[in-house]
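Participant: This is the structure I want to talk about, given as structure tokens.
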Amino acid sequence: MSYLNASEMTGGYGKADILHSCTLTVEKGEIAVIVGPNGAGKSTAMKAVFGMLSLREGKVTLDGVDITGLSPQDRVKKGMGFVPQVNNVFPTMTVEENLEMGAFIRDDDFAGTMEQVYELFPILKEKRRQNAGELSGGQRQQVAVGRALMTQPKLLMLDEPTAGVSPIVMDELFDRIIEVARTGISILMVEQNARQALEIADKGYVLVQGANKYTDTGQALLADPEVRRTFLGG
Amino acid sequence: MFAQSMKSGDPMIRVENLVKSFGGFRAVDGASLEIATGSITGLIGPNGAGKSTLFNVIAGVHAPTSGRVTMDGEDITGLAPHELFHKGLLRTFQIAHEFPSLTVRENLMMVPSGQAGETLWNTWFGRGRIREEETALLKKADEVLDFLTISHLKDEKAGNLSGGQKKLLELGRTMMVEAKIVFLDEVGAGVNRTLLNTIGDAIVRLNKERGYTFCVIEHDMDFIGRLCDPVIVMAEGKVLAEGSADHIMENEAVIEAYLGTGLKNKVKAEETAEAAAHEDHGAQPGLGDEAGKGEAQ
Amino acid sequence: MSTTRQPGGSSAIRAPLFFAIMAVLILFEGFSSGWNSALGILNMGLLSAIMALGVNMQWGYAGLFNAGAMGFLALGGLAPVLISMPPTPGAFKAGGPGIMLAFFIAIVAVLAAVWIWRNLTGRLRGLAVTAVLIVGFFVYRWAFDPAVAAIEAINPSAQGNLGGLGLPTLISWPVGAVLAAGAAWLVGKTALGLRSDYLAIATLGIAEILVAVLKNEQWLDRGVLNVNGIPRPWPVPYEIDLQNSPDFVAKAQSWGMDPQLASTITVKLAYLLLFVVVLAVLIWLTQKALKSPWGRMMRAIRDNEISAAAMGKNVTRRHLQIFVLGSAVIGLAGAMMISLDGQMTPTSYNPLRYTFLILVMVIVGGSGNNWGSILGGVLIWYVWVKAGDWGPDIMAALASPFPEGGFKEHLIQSAPHMRMLVMGAILLGVLRFSPRGLLPEK
Amino acid sequence: ADVKMGVLLGFTGPLESLAPAMAQGAELAIKEVSDSGKLLGGDTVTPVRGDSTCVDAAAATAAGETLVTSDKVSGIMGAMCSGATTAVLQNVAMPNGMVMISPSATSPALSTLPDDGLFFRTAPSDARQGEVMADEILEKGIKSVALTYTNNDYGKGLADSFEKAYKAKGGTVTISAAHEDGKGDYSAEVASLASAGGDALVIAGYIDQGGSGILRGALDTGAFEKFVFPDGMVSQTLEDNFGSEVNGSFGQMPASEGEGHDKFLALATAAGFDGTSVYSGEAYDAAALMLLAMEAANSTDPKVYKDKIMDIANGDGEKIYPGELAKGLELIKEGKPINYEGATAVHLIGNGEASGTFREIEFKDGKMETVQYR
Amino acid sequence: MDLINALVAITNYVIIPATAYGAQLALGALGVTLIYSILRFSNFAHGDTMAFGTGIVILITWGFQAMGISLGPLPTALLALPFGIIVTAALMLGTDKVVYQYYRKVRAAPVVMVMVSVGVMFVMNALTRFLIGVDQINFDDGARFVINARQWREMTGLSEPLTLRSTQVITVVTAIITVAALFWFLGKTRTGKSMRAYSDNEDLALLSGIDPNRVVAVTWIITGALATIAGTLYGLDKSFKAFTYFQLLLPIFASAIVGGIGNPVGAIAGGFVISFSEVGLTYAWKKVVTYLIPNWQPDGLVQLLSTDYKYAVSFTILILVLIFKPTGLFKGKIV
Ligand SMILES: Nc1ncnc2c1ncn2[C@@H]1O[C@H](COP(=O)(O)OP(=O)(O)OP(=O)(O)O)[C@@H](O)[C@H]1O
Ligand SMILES: Nc1ncnc2c1ncn2[C@@H]1O[C@H](COP(=O)(O)OP(=O)(O)OP(=O)(O)O)[C@@H](O)[C@H]1O
Ligand SMILES: CC(C)C[C@H](N)C(=O)O
Ligand SMILES: [Mg+2]
Ligand SMILES: [Mg+2]
């Protein structure tokens, strides 16, 4: 059984279904990347995995435990961390407070983790007394990822973490993601910078209209000319 | 229709010594640059370099702390956004600003200004004219939607679109009118790369066929490289370098501040270090002193 | 504002259904408590609907939270006093010139201050403006006070004010709209830059100021002493005249009606006719406007001002436009209400009744929807009136299981407050089961 | 048959605390008549309450309308505040030919308002109270006062009539400032009054409204030591809340001495409410007057019995006091004239309003004591 | 001497009363501001919540008085206050369960929440009146004055009186303590920060493991406490009357907004701005002038504006502040 196993998810926002029996699995320490056209339901699938969307069918298990019925904050306690695509910072709290909030469920001392985040994103240290709402787009994105890292999750879910960040930071970010995965944390992320993402992915999903279209290793997907042409921009 | 009046090559927008500070912090710190008429100018730079702020000042969202902006030689510093729109200056937002309770199609149809139906009097006594106008608008909106591959969503409330779809809608709005210059703030972020290529084609087409001038902020260097000439690099509120995309990508200071040395190379760490050492072409002379400062940091 | 809205439950039959319910309620009232009462409720309900329509234009179309409906309503109510009351003999001669001089001085002072503000810079500017305003204020008072004293001295127990022009009351309705629009223009010029809740509280305050003026400027409208006997608008007759007219009595009797009852009903029907005509015109105008590019533009501005501005829409001007128009409609309703009541009592303007209740009407009806405002206006007014009747009954029922004595007594004595409880419960009920109103904007 | 009588008072709104005792006063009279079984050969009388809210003319009109058209009352005891009363009179009573007797609307304007002979009041006009108060103050040797009034037709009307009378008689009013009822704070008003000075402060307000706030502020800051209280202020609450703090202050209220008053108090106490509450007695009288007039006219039709009201109130037959309504009904039935005195020594003048006997009170040792009647 | 008399007059009639009133407004505004910043709507039921809380405190105070329990020189009501807070907080939690919770779930627009709060206002309005009636109630016992006019005159020999009521002192002291505690709580404690996080971005708070129900509950409890404290202090200082508490809503909102809504410090400052402008700008300077210029007897009151327009004054100030500083004196937040 995979570490995260979201199988046959079907559901949507009320009217028509967005997801059609979509399945996502991630092993321990593995990086799984979801790619696909805009509006394919990638974010929706992420939300479904995190319990922010009620599923009509399908179930989600984490480490063998069925968590389909749990609320998002309970999933956080089970070791899941999530960076949403939009609205992913606390705008009128300072950068530092944003990070603190990431560590909300932790009872231990999180100063070390915070240092690590600052190391990863030096600009955040500089701006730590500034409200996140006043940051530039890319800076915010860094805060968002930093916040999720503060949780020290066992499964980290990232919805387009590199949208709007500069190449140098993007590299750093991917770098760090690899490192994180190496420590045994599972990563599930949605990316539009698909080529770079698949490069580091152990597993890739191509989602189209809420259903799994291709599933393979990252490298294999990159090599597939059809996938390249239709989804990765040639 | 606007563009014809101007000779290609003259600066459309000239920014002189622009400063914008928030509290004590100078987000734009004495930037000077020009955007040539008929060009697709790229604007890149590290996160927080002040690109969006620069856009916002030019587009009249923020008042500048000091400095001047001209368009076609006319001083437009501090004009209100709607006045700039009427001068043919359009922009998109980095964080999509759709009208959530309007349908996707309505989001497009509301764009053109001076619609007869926007005058109350006409809504009561000028129904005929409005009907004609609306038919034309509808047609145009549907064309744009087709182009953006989201025509199946035309009656959906814009608030329900996915992140990328909203971005497309942003772009679509600029296509509803004859613009002189369009400022695009990260149209690509969150947009599928295949679609982004299509968008790129559209930009080129608008530029070639309709004479739009573009200024594009983007972090995707493929996209920048394919589309933009020249490329302006900002860092810490100033212009760091300027030149063709190829030149810029080889600029030491730019690599250090912005591009980094590339992921692939990092994975194979040793090779990267060497490769970087070789690419030592020195700073481009664009705006020399800024470049120097950029390097010095 | 959140993006996940409830799935719109509006179907084609929804509106007709609710209007049918409304009609049934009114008919039921007519059969059970008499047509006078039913028509009375309907008339005031339609007036409320007009007020709600005005507020809806501001809130529903443009997202401007005007919490000062009361002020514009009251100001509109001044029009019948100034237009249709007979002039007070000698009052104008005694104080008119002085008052006009005073206003002239005030305008000059304000213009001078504005001019200085625009043309001077530096520290001097603030000082100069303050100085001009203070001096202006004292000169103004110098001209104003004696004039007011002279007017107020004329027959104070019955008049003591300028009086009106003695023109037909119908003329005062558009004048009421213009008065309110004028005030709204001034308010809009200064306060419309404010956002959401701030505009709300600013307008709330402005409404208080307007009512304070009406209460305290005795020379204008007798202040708290009230103006009585404001003439009715054409073609509404007086009951007494009807009862004294042999023709009418004969006709009523030939229909088998008591002449007195017939007279009161005739009067109410005449008002009803007027109100329906006004409402019909307004709804035609607003529906046309709303379902056009203008309406689309307003909704866009409401959704996102920054983006609308970037799309070339002059947000400030549009806000001003809709604020003035909406206020004009409220002022119109104010004037109509005064000519229905036949008296102007400035003390009766309180925010609960004339601002919040109207907002409740708009929201319950469905903001952004003109028909919703009408439904909300009539329905909520019906409830507001009937809650006063139902309250004691409900209370009596509630109290019945308790033994006679202090507690039961206390409950029964508290019965009038049931009105509030019933009102609150209905409001909460509607909002619970149809949060976007009974007739949601589609 | 059952005769219905409207009891239209401001049960909610700014004067909600005065209304219950007034309603109970009126209902006391109604019950008395009904229980006697002597009205029109055995008719019962039922009170129907309506809420005039005191400030909302439209709601008051609607409430009046309901009373007349749906409850089919034969007369209205009310309304309470002058503004609401005028509205109901003009919009409901006159069109429908309904009799209204208000126990408490005291605005001078109501004296001259055309009413088709349908409107009466058992309370005197404030024009009269102003005079009485002026005399009273001057007799105490106080030559200069500060004046504050509640900002409505009652307060302003009373203040104006007082100021005029007082000045005419040689007194000085240092300031005449309005205060709004029900507001949170009266420091500004107290400060102005204090600055203007004067030997006493006249508070033409309501005890459980702004009047109390002003009084509290004036006492606490030490701005004034002597106060003059007109009707809206004189009540048990005043004594309970301020007692010895206002020793030496005085005031007056429409009320009369003697038998009627005492009898009413006893009845009220027995019925479980405070008969000294302002206008409670007037309410009793208003209801009683109307019922007695019905008997005299032998009809419950307002257009018929309205003409009998003055006769009952001012007749020169036997005096009828509270608790004696049955006797009154009998006498009328026998065709004998009666003079209804009631709780407040009812005597209607002019257009049908109380002539105004006033009880003058003074605070001594924290207690309100009646000094004299005038 | 006359100079001192003039100063005393100003202190007695302007500074002391305005300070106490300002503190009362400030406490009310704190509650409004808290709900605004965390639950994101303007709570029109706040005035009636204050009335309800105070009603409970009064009932309990009467109970204590009947049992002969007192606090010596301090009002017994202070002893009853904690119990009143518990009951009011419970009511708040109940209301939230029955009413507000649903709207959060469906993510209703703020204005719907405002309307809902108007509905709650109507209901609470009735509830309070059922509970304790409509009459004016004085429940102040203990020592009324710290210094009263007579003592002052005997002490100083000045002709101008100066009084200081114990309730004024209690009000100001409590206001300071409350705001300090609240500020510390929101800015420094984990729960406080989680409340701010929730107010900023509800979804993200969820994703950080913050329990929204807890945040909401804590918010309502604090609001209930603030309302009860504000209402009780106000009632002690002036008197209790249900209707007045509804009327207080307007100046309370004005205070919250002048200061910058959503900002606790702003609420405090706003309270004082409103109270001082009401009392100060309509002050009649006659007395002071007569002290300062002994030979001049002004025939007017030397008053800039009559008190008729005192509300106009405070609202004009409000509007001016908003025009020149659109987010209030201290930066507030806009939903
Ligand atoms: N309202 C504000 N208040 C304070 N600082 C601000 C504000 N807006 C922006 N800044 C600061 O100004 C700097 C420039 O921001 P800007 O958004 O222009 O960056 P950018 O170049 O667009 O970056 P990105 O590529 O990440 O979008 C940032 O450091 C940001 O923190
Ligand atoms: N809140 C919502 N209510 C209704 N429909 C929604 C909502 N959010 C998204 N949708 C619809 O669901 C579909 C999938 O959206 P989703 O956000 O999952 O796409 P995505 O794959 O993440 O796209 P992108 O790459 O553009 O972010 C889209 O068609 C969108 O219109
Ligand atoms: C109840 C009374 C105090 C009312 C007052 N006399 C008035 O006429 O308004
Ligand atoms: Mg997405
Ligand atoms: Mg940016």
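Going from the start of the chain as shown, residues are counted 1 onward.
Here the Cβ of each residue, glycine as well, is placed from N, Cα and C on the backbone.
If you look up TrEMBL, you'll see C:12-31, C:37-55, C:62-83, C:95-117, C:124-144, C:164-186, C:198-214, C:269-290, C:320-340, C:352-385 marked as transmembrane segment.
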Participant: Determine whether the transmembrane segment (C:198-214) and the transmembrane segment (C:62-83) share at least three Cβ pairs under 8 Å, counting only pairs 6 or more apart in sequence.
Facilitator: yes
Participant: Residue list, the transmembrane segment (C:12-31) vs rest of chain: Cβ under 8 Å, 6 or more residues beyond ends.
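Facilitator: Contacts with the transmembrane segment (C:12-31): 37-39, 41-42, 371, 375, 378-379, 382, 386, 438-439.
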Participant: Would you kindly list the residues that approach the transmembrane segment (C:269-290) from elsewhere in its chain, counting only those six or more residues past its ends and only Cβ-Cβ distances under 8 Å?
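Facilitator: That would be 39, 42-43, 46-47, 49-50, 53, 57, 61, 173, 233, 235-237, 298, 329, 332, 336, 340, 370-371, 374.
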Participant: Sort out for me which stretch, of C:37-55, C:320-340, C:352-385, has the most Cβ pairs below 8 angstroms to the transmembrane segment (C:62-83).
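Facilitator: Checked against C:37-55, C:320-340, C:352-385; highest Cβ contact count belongs to C:320-340.
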Participant: Should the transmembrane segment (C:320-340) and the transmembrane segment (C:124-144) be scored as in contact, given a threshold of at least 3 Cβ pairs under 8 Å and pairs 6 or more apart?
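Facilitator: Contact criterion not met.
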Participant: Can you tell me which recorded stretch out of C:124-144, C:164-186, C:352-385 has the most Cβ pairs within less than 8 Å of the transmembrane segment (C:37-55)?
Facilitator: C:352-385
Participant: Any residues 6+ beyond the ends of the transmembrane segment (C:124-144) with a Cβ under 8 Å from its own?
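Facilitator: The answer is 98-99, 101-102, 105-106, 108-110, 112-113, 116-117.
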Participant: Who are the chain neighbours of the transmembrane segment (C:352-385) in space, where the CB to CB distance is under 8 Å and they lie at least 6 residues beyond its ends?
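Facilitator: Beyond its ends, the transmembrane segment (C:352-385) has Cβ neighbours at 15, 18-19, 22, 25-26, 29, 41-42, 44-53, 55-56, 59-61, 67-70, 73-74, 204, 207, 279, 283, 286-287, 290, 299, 419, 422-423, 426-427, 430-431, 436-442.
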